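Annotated transmembrane segment per TrEMBL: 21-41, 88-105, 117-140, 161-182, 194-213, 244-262, 282-303, 310-328, 334-358, 387-407, 419-442, in sequence order.
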Amino acid sequence: MKENNGKVKPFGMKDRLGYMFGDFGNDFTFILSTMFLLKFYTDVMGVSAAIVGLMMMAARFVDAVTDVTMGQIVDRSRPGKKGKFAPWIRRMCGPVALASFLMYATYFKGMPMGFKIFWMFFTYLLWGSICYTGVNIPYGSMASAISDNPTDRASLSNWRTIGATLAQTVIGVVLPLAVYYTDAAGNKVLSGEKMMIGALVCSIGAVICYMLCYHMTTERVKVEQNTQKFSFKELISEIAHNKALIGIIVCALLFLLAQLSLSNMNNYIYPNYFGNVSAMSLANLAGMVVILVLSTFIVKLSAKVGKKELSVIGSIISAAAFLILFFIHTDNVWVWIVLVLISSVGTAMFNMVIWAMITDVIDDSEVRTGVRQDGTIYSVYSFARKLGQACSSGISGVLLSIIGYTAATAHDPKVVDGIYNVTCLVPALGMILLFLALQFLYPLNKKRVEENAKILKERREAKVQ
């Protein structure tokens, strides 16, 4: 990797905003699937929650191939006028938006169950394993090319989280108010037709955000084309000997298990347990405010304390909040929201720096091996994230089936109590395990990250001379 010495604008706010729009686009479809796909197929299409969850987990075996393949394609692609990574965002933004829309095909709800399961599996694979992979891996890898400064990368990670938060606000605040209706019995029910329209709006928004990312970011650190022949055996060996990569993969799995299971269950606990969809919108809006406030100082705080060290503190806060919720078993939605917001402070401490932690892992690998593999390492991490997403949905789906949830039993007292317990315990367990993984598996503390940045800077300066 070498720095571009041509006349290129220095890293600045335009890059930060452009990178923010990239994850805004990503999460228009990703968060939509996380929050609504399980609910859509159980309540609108009538598919068993266990089948939906297992489908999501099975799709990750396909991702094991497609993610790594895309990482290799990106690493071997020739840089163009817009760089090495940005062109992929332009190519794939349309397909990922279309595939996302097709997942919410309400017009098939009257078809035989076998066809509905086939359509669900086909469109989920098309979106997640092919199209989303094709845009997300280049986007994530691009951070290393926008700047080689660790503080700049932490800033990009922060702005990426802001982009995700904005998407979550649109989907988590506006959509619940638009896609639910009250049935004759007074229950809150998801409308399939409104859900399909909401998915279309999100797809259009995704394309707009991706194109803003493409035009507003600059790849000023030129990542050279990787011409080494790909060896799956060498890739497995690299993963096995890369403690930092193993650590961040485990951490990502556990974090997403906690965070996304909560997102999945929000569409059950608010309408079914609390009977209050408006409170879900308010909670998501308040969560956005928390993240935006944290974003004003999280970069400076992580630079002072360390990204790993800050994440450890956050995992303790989040786990404690969910354990309190479990033991008090409140039926007061406002008490619930307050404690969930406290938990969100903890999760944000990790989530707002994790993308910078990935570039730390890439740097650490380059220090050890002398080879820069942004796309390959990011693709392995991307696979882990999607596995975490699937595990959260899979576990949520299986647990919903275990407690007896169906569209017919959705408001039975025993079932709604089970919904409450699942919503508390899965995030609590995930955050406890995240604390242990950060503490004992992930090795890149503040001191080591700074040492790696210094080594790579000296190597690049030596090449220029």
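Heads up, the Cβ atoms here are built off N, Cα and C, so glycines get one too.
In TrEMBL, annotation is done automatically, which means it is predicted and not curated.
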Exercise for review: State the residues, same chain only, that lie 6 or more residues beyond the ends of the transmembrane segment (310-328) and have a CB under 8 A from a CB inside it; answer 'none' if no residue qualifies.
Suggested key: 251, 258, 298, 301-302, 335-336, 339-340, 342-350, 353-354, 357, 421, 424-425, 427-428, 431-432, 434-435, 438-439
Practice item. Test the contact criterion for the transmembrane segment (161-182) and the transmembrane segment (282-303): 3 or more CB pairs under 8 Å, pairs 6 or more apart in sequence, then answer yes or no. Key: yes
Check your understanding: For the transmembrane segment (334-358) and the transmembrane segment (88-105), does the number of C-beta pairs under 8 Å, pairs 6 or more apart in sequence, reach 3 or more?
Key -> no
Check your understanding: Same chain, outside the transmembrane segment (387-407) by at least 6, Cβ under 8 Å from its Cβ: which residues?
Key -> 30, 34, 37-38, 42-43, 46, 48-54, 56-57, 59-60, 63, 252-261, 263-265, 268, 414-415, 418-419, 422, 426
Check your understanding: Of the listed stretches 88-105, 117-140, 244-262, which one has the most C-beta pairs under 8 A with the transmembrane segment (419-442)?
Key -> 244-262
Point to revise | Chain residues in Cβ proximity to the transmembrane segment (117-140) (below 8 Å; excluding those fewer than six residues from its ends, i.e. six or more beyond) | key: 22-23, 25-26, 29-30, 33, 37, 41, 45, 47, 51-52, 55-56, 58-59, 62-63, 66-67, 70-71, 74, 85-89, 91-93, 95-96, 98-100, 102-103, 105, 108, 111, 210, 213, 355, 358, 375, 378-379, 381-382, 386
Review point. Are there residues at least 6 beyond the ends of the transmembrane segment (244-262) whose Cβ is under 8 Å from a Cβ of it, and what are they?
Key: 34, 238, 311, 318, 340, 347, 350-351, 354, 357-358, 360-361, 364-365, 377, 380-381, 384-385, 387-389, 391-393, 395-396, 422-423, 426-431, 433-434, 437-438, 441-444
Point to revise | Positions whose Cβ lies under 8 angstroms from the transmembrane segment (88-105), at least six residues beyond its ends | key: 22, 25, 28-29, 32-33, 36-37, 40, 74, 77, 119-120, 123-124, 126-127, 130-132, 134-135, 137-139, 142, 192, 195-196, 198-200, 202-204, 206-207, 210-211, 213-214
